[in-house]
Amino acid sequence: MTTTLLMASLIVSFLLILYYTTIVVASSESRCRRYKSIISFGDSIADTGNYVHLSNVNNLPQAAFLPYGESFFHPPSGRYSDGRLVIDFIAEFLGLPYVPPYFGSQNVSFNQGINFAVYGATALDRAFLVKQGIKSDFTNISLSVQLNTFKQILPNLCASSTRDCREMLGDSLILMGEIGGNDYNYPFFEGKSINEIKELVPLIIKAISSAIVDLIDLGGKTFLVPGNFPIGCSTAYLTLFQTATVEHDPFTGCIPWLNKFGEHHNEQLKIELKQLQKLYPHVNIIYADYYNSLYGLFQEPAKYGFKNRPLAACCGVGGQYNFTIGKECGENGVSYCQNPSEYVNWDGYHLTEATYQKMAQGLLNGRYTTPAFDWSCLGSYDFSG
């Protein structure tokens, strides 16, 4: 009897050890991956050329011309910056090529990355926004359109790869944006009230969440999901709401109530991502804190190599912030600074390469990601960009 109990106890102990070992190994494998590709969705913050390719050749957007791209790409690549974006610095760190835009690309391999992000894109469909009285004239390539396009071409992507579809997605870092910012930008710039705009928050969060679930069902395992920016520090927003009565933070010069709105979106997004993580424990859903990774640059610009005037645009003209709505970067009579690396803001709406590099470093080293990336399987790694 004693022998039987002893054997049973040993068997139970062995099974428990095996169980917990399996859990640890599975967790380790889901955390640290040698990503073989990047799949990207979003708007101009991640657009590597889609909007330019989608545009009429006789009416190309400003990002198709200098000074866009003047710090790195020569000629312009269609990125809304003077150079590289966060997605580019992540690709460099992973040893992958810059992620090519899907739309308009010819004779391009997507085996190591594909990008559907489009300037002006929204999380919510254009038709829905129009019904709410919100104009969205830049593009109809919303998040759902990007995702459906990806689903349609997925069989072809897998056919050109040695991996099956689920394996391909599992080996990819999936970048979900930034997306949702334009859903707020349009109504803010159209004069909608803060209460009207707040009603969109749960709908936008749901759209992002639903897209993640769809990609999980297809085999996605690692998602980097950015939050919103501190829009109260945006050159364009500071110009839009520039009145004698508007309250500014005495330390940064930003508009507090706009930043609180961005924080509200981010808190709701984090709550949703936590719920998704509980539902899909085998998946790694990483929140990218774009808000604080950028806000620190406004708090201590000199510490990060920027001028002590971080709210002004490098490329622009007029006003307190070197920016005038309707007379913007790339247009006749609009100049740009000779040292973009000393500026946080590029064109009033978008950021400089130097800013995106600092943000990417903060994401990759884990300071601004929850949970932090685990790079232990890579051996040595460098976050300097």
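Every residue gets a Cβ built from N, Cα and C, even glycine.
Annotated features, as they stand in Swiss-Prot:
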type     : residues : note
ACT_SITE : SER44    : active site, nucleophile
ACT_SITE : ASP347   : active site
ACT_SITE : HIS350   : active site
CARBOHYD : ASN107   : N-linked glycosylation site
CARBOHYD : ASN140   : N-linked glycosylation site
CARBOHYD : ASN322   : N-linked glycosylation site
SIGNAL   : 1-26     : signal peptide
Using DSSP reduced to three states, classify HIS350 (active site) as helix, strand or coil. coil
Nearest to ASN140 (N-linked glycosylation site) by Cα, among SER44, ASN107, ASP347 (recorded positions)? SER44
Roughly how many Å lie between the Cα atoms of ASN322 (N-linked glycosylation site) and HIS350 (active site), rounded to a whole value? 14
Please give me the recorded positions out of ASN107, ASP347, HIS350 that lie within 10 Å of the residue listed as 'active site, nucleophile', comparing Cα atoms only. HIS350
If you count other Cβ atoms within 10 Å of each one's Cβ, which of the recorded positions SER44, ASN107, ASN140, ASN322 has the most? SER44
Euclidean distance between Cα atoms of ASN107 (N-linked glycosylation site) and ASP347 (active site), Å: 32
If you count the other CB atoms within 10 A of the CB of HIS350 (active site), including all protein chains displayed, you should get 26
Can you tell me the CA-to-CA distance separating HIS350 (active site) and ASN107 (N-linked glycosylation site), as a whole number of Å? 30
Other C-beta atoms that fall within 10 angstroms of the C-beta of ASP347 (active site): 26
